[in-house]
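What follows is a short report on a single structure.
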Amino acid sequence: MTGKLIVFEGGEGTGKTTQIRLLAAALDHDVLVTRQPGGTSLGQTLRGLLLDSPPGSISDRAEALLYAADRAQHVDEVIRPALTAGTTVISDRWVDSSLAYQAAGRGMDPAWVAELSRWATAGVQPDLTVLLDIDPAVGLARAARRGAADRLEAETLDFHHRVRWAYLRLAAANPSRYLVVDAALPVDAIAHLVHAYVFQITADRKAAA
Ligand SMILES: Nc1ncnc2c1ncn2[C@@H]1O[C@H](COP(=O)(O)OP(=O)(O)OP(=O)(O)O)[C@@H](O)[C@H]1O
Ligand SMILES: [Mg+2]
């Protein structure tokens, strides 16, 4: 596979969608913007179930499996063909979301969630994960301005703190594959940091090729 997979991760309202739009516009080559859940037709249906079902209506194990099903379809139908064609793929969320939300947030066994995710993605891994990090109270307030809270936004603040620390631990365990950015910075400042980093690793890769 020759294309690069760049993933944006972070809690609610950290600015993932905002920054993905800006990065896609700044890259001058072929770019595919997609998301989990919801990057395929099946994924759209699963996203509706996962985000809009009433609180308590999906068991933890069923939730983990629905996210895995979304990922399997996404990799088979969209991600792998795009990477094989040399396209740069930018995804709004990836496996780290399950490690943060299902494992750290819900308390499921992280080894089990990691194994399920590995199976679902069939070994496809991001070349870079941009982690947008912010105090969850600030992120949730931003997300709330968009309207009614979805099933995950409606979780306790404690849940969202566990999600935040899980993300930071994942980044700390593999620093060369993560860019952690303070999401409290202004939109333009974050974009500047992200673009400089992405351009640099793209250039590094070209130099190394
Ligand atoms: N750096 C920033 N400073 C202030 N406000 C921001 C910043 N980045 C994004 N916002 C605003 O915060 C809100 C949430 O941003 P956005 O939708 O990009 O976040 P998100 O991480 O995609 O959220 P979700 O996880 O709910 O999809 C939007 O109203 C956006 O305009
Ligand atoms: Mg978003």
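Positions of Cβ are set from backbone N, Cα and C atoms, glycine also.
Since the structure is predicted, the reported quantities are computational estimates derived from the model, not experimental observations.
Quick look at what TrEMBL lists:
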- 8-190: domain 'Thymidylate kinase-like' (DOMAIN)
- Gly10, Gly11, Glu12, Gly13, Thr14, Gly15, Lys16, Thr17: ATP binding site (BINDING)
Open item on the list: Which secondary structure state does DSSP assign to Gly13 (ATP binding site), in the simple three-class scheme?
Closed with: coil
Open item on the list: For a Cβ distance below 6 Å to any atom of ligand 2, name the binding-site residues from Gly10, Gly11, Glu12, Gly13, Thr14, Gly15 that qualify, or say none.
Closed with: none
Task: For Gly13 (ATP binding site): intrachain residues, at least 6 apart, with Cβ closer than 8 Å - done: Ile134, Val138, Gly139, Leu140, Ala141, Arg142, Ala143, Ala144, Arg146
Open item on the list: Cβ within 8 Å of the ATP site centroid (Gly10, Gly11, Glu12, Gly13, Thr14, Gly15, Lys16, Thr17 excluded): which residues?
Closed with: Leu132, Ile134, Gly139, Arg142, Ala143, Ala183
